[in-house]
Every structure is written in C-alpha cells, then in structure tokens.
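Asks: For reference, Swiss-Prot lists these features for the protein:
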- His15, His17, Lys98, Asp245: Zn(2+) 1 binding site (BINDING)
- Lys98, His135, His175: Zn(2+) 2 binding site (BINDING)
- Lys98: N6-carboxylysine (MOD_RES)
Amino acid sequence: MSVQEITIPAPADFHVHLRQGKMSELVTPHVAEGGVSLAYVMPNLVPPITSTQQAMEYLERLRALAPQTMFVGTLYLSPDLTPAEIAKAAQNGVRGVKSYPRGVTTNSDSGIEDYETYYPIFEEMQKHDMVLNLHGELPSNADAGICVLNAEEKFLTHLFKIHGEFPKLKIVLEHATTRKAVEAVKQCGDTVGCTITPHHLELIVDDWAGKPLNFCKPVAKYPDDRQALRDVIRQGHPRFFLGSDSAPHPLANKYPSAVTHGAPGTKASASGSDHLEATGVVSCGCAAGVYTSSILVPLCATLLEAFGALDQLANYVSINGRNFYGYNDDQHAKHGSIKLRKVRSRSSISPAAATVPAVYVHPEFREVPDSDASKVQVVPFWAGKCLGWEIVRS
C-alpha cells in the first residue's frame with residue numbers, strides 16, 4: 001500500500017523573495033500557507049538591503065504581516081558593505097550575505113564584478129559563521145561565449161576559488177540547475193551547500209522558451225541536468241536542500257507587452273507605467289521568476305513522489321537545510337512539524353485545496369481591471385493544476 005500521510009519536521013525555505021509594498025502584503029502570508037515555518041529572505045529590494053538597520057526594519061515589516069513565521073535576514077553584497085557592518089549584522093541575527101553578479105537577475109544592477117574586492121568581507125563573515133549566498137551565474141557576454149544556458153557552468157571557477165581561499169566560510173550555491181553545478185558542490189568541502197528549487201526539478205528548457213510564467217534566472221536547462229538535480233535529492237545528499245527562489249512578479253511584468261505595447265484587448269495605463277517605474281521593475285521584456293510560496297511543501301511532495309524520492313521529502317524541505325544553517329534545535333524546528341495527506345482524486349475530501357489557484361490578487365485590487373499594470377496580482381507555478389498532496393490543517 002502506498003503512503004497516504006506524512007509528518008515532517010518544520011519545513012524551511014532557504015531562498016525566498018518577499019518583495020515590498022503591496023506585493024509583500026500579498027505574498028508574505030503565503031509562506032505559512034505553503035507549509036513553511038522558516039523563511040530565509042533575499043535582500044534585492046529597491047534600494048537593496050545593505051545595512052543591518054535596513055535588514056532589521058524589513059524583517060519587522062514581514063513579521064507584522066506573518067507573525068507565525070520565522071524570518072531570517074540577509075544583506076546584499078555591495079561596495080557599501082564593510083567588515084564592521086558584517087560584525088554588527090551577525091550580532092543582530094542577520095545570517096548571510098547574498099552575491100548577485102551585476103545585471104543577471106531581478107534588481108541586480110548593484111551586483112558585483114570582482115570577488116577579490118570583497119575578501120575582507122568574506123574574512124569577517126568566516127569569523128562570525130555567516131553564510132555567503134552565491135547567485136552562480138556570469139553575465140551574458142557574446143564575445144566571451146557566455147549566455148543563459150552556460151552562465152552557471154562558467155561561474156563555477158569562482159565557487160572553487162572562493163572556497164579555496166576561505167575553506168571555513170559557509171557558502172551556498174543558490175538554485176543550481178546543471179549537472180556541472182551538482183558535481184562542483186559535491187567536490188567541495190562540508191562548508192559548501194546548495195539549494196535546489198522545486199520548479200527546476202520539473203522544468204527543462206522547452207518549458208520556458210516562449211512561456212513567460214516558467215521563465216526564471218537561472219533558466220531551466222537540459223533533461224540530463226534536471227536528472228542530476230533529481231538524483232541528488234533522491235540520494236539524500238546532506239548538503240543539498242530546499243531554496244524555492246519563489247519570486248513573485250505582477251502579471252503585467254510576466255506578460256509586459258499586454259500593458260506596454262498596446263496588445264489587442266488591453267489598455268495601457270499611465271498610472272500603471274508610473275507604478276512599474278517607481279517600483280524598479282522592468283517595463284519591457286519578461287521578468288524572471290517563478291512563484292511557488294503558496295503551494296511549496298505540497299508541490300515538493302508531489303514532485304518528489306513522481307520521481308521516486310518521497311522518502312527524502314523531510315531531508316529536502318527541512319532537515320538538510322536546517323542542519324547546514326544551524327537551525328535544527330530552535331523552537332520552530334521542534335514544534336512546527338506538519339502533516340501532509342495524499343489527495344486520492346479530484347473528488348477527494350478537499351479537492352479545492354489540491355487545485356492550484358489561477359491567480360492571487362491583493363484584496364485592494366480585486367476590482368481593478370487586469371489591463372491596469374498597477375494591479376497587484378501574481379500567477380503561481382502550476383496554476384490550475386492539481387497537487388498530489390495537501391497540508392492537513394487543524
């Protein structure tokens with residue numbers, strides 16, 4: 001008989017974007033809704049979080065929106081950061097520093113170009129057991145033969161170099177998408193971990209080319225790369241764990257032509273354009289990001305079951321990440337376990353809970369036309385599809 005119920009220790013998402021303003025109001029409560037009790041929050045806001053004070057203020061806003069969730073803060077690696085600020089951040093519970101190569105993803109214009117410049121920062125981080133979170137891609141450069149399909153592989157020399165210079169520094173290669181990245185992390189010592197997103201366990205290049213809702217950075221790669229991600233989860237490797245990279249974008253930014261170029265049946269909004277510019281969001285092209293927070297743990301269970309790794313669910317969504325970061329003994333971990341129940345069919349007890357909503361809309365914008373770019377709404381991954389597992393709520 002197949003497993004019908006699973007109880008797992010408190011899930012933790014070690015890479016999530018919770019944005020600002022109305023979008024943050026919409027998506028922050030979704031963290032708990034998706035089954036997660038600890039959220040490691042990215043700092044690429046506008047402006048980016050580069051100081052302890054900014055991080056504390058941001059975490060306070062998030063806690064006001066979702067008091068039941070444990071939020072862990074990070075800083076944005078930039079020239080503004082100093083060793084003294086690192087020490088201050090560590091004393092105030094900020095756990096990591098996120099590195100973005102310049103221009104490779106959302107709000108990365110302040111990203112870095114030369115890692116050696118930051119060696120004093122890394123040295124101080126090593127002293128305080130802080131974590132360096134690496135977005136592992138190089139910027140596209142046609143002259144150098146770099147594009148989105150090999151940007152991650154080309155980055156790996158930087159991972160090896162930083163790890164070699166600072167062997168005691170905890171490093172996480174974020175959202176790995178390639179077999180090369182998986183093997184690179186395995187080759188490194190115990191201080192190097194790796195997050196894998198659920199959507200990269202599902203998608204390949206065919207699934208995002210021409211399909212904006214599945215477009216993210218780094219992009220999903222080839223079937224063999226996806227197989228490597230699945231295999232390392234199935235193996236239960238202790239240094240690979242959940243980081244959803246759940247990244248909400250307004251629908252207008254996933255399908256920008258509908259608002260910015262006057263597509264048939266739409267009406268561009270001047271106020272909408274102003275809103276996009278004011279929030280630092282691109283007004284052309286497709287924003288990179290897949291949104292999974294609201295369905296995260298049931299989605300992970302569904303995917304892992306599909307490729308024969310359901311027995312590794314607890315390691316993937318809770319144990320491995322908490323062990324790497326040192327959150328395995330906190331009260332959230334001890335008392336935040338959740339139970340999942342198998343959804344037998346669409347006619348089961350709670351079919352609505354197993355069907356992913358088509359869209360989430362901020363309550364204040366429910367009467368705003370979809371054609372208005374200022375409308376705060378986000379389409380989740382697998383919208384309209386059925387999940388194989390649901391959270392049992394008391």
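Cβ atoms are placed via backbone N, Cα and C, with glycine included.
In the displayed structure, how are the listed features positioned relative to their neighbours?
Replies: His17 (Zn(2+) 1 binding site): 24 other CB atoms within 10 A of its CB, across all protein chains.
According to DSSP, His175 (Zn(2+) 2 binding site) is assigned to coil rather than to any helix or strand. Within the same chain, residues at least 6 positions away in sequence whose Cβ sits under 8 Å from that of His175 (Zn(2+) 2 binding site) are His15, His135, Gly136, Thr195, Ile196, Thr197, His200, Pro218, Gly243, Asp245.
Around Lys98 (Zn(2+) 1 binding site), taking its Cβ as the centre, 25 other Cβ atoms fall within 10 Å, counting all chains.
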Asks: Using the CB centroid of His15, His17, Lys98, Asp245 as the Zn(2+) 1 site centre, which other residues of the same chain sit with their CB within 8 A?
Replies: Val16, Tyr40, Val41, Met42, Asn44, Asn133, Glu174, His175, Gly243, Ser244, Ser246, Ala247
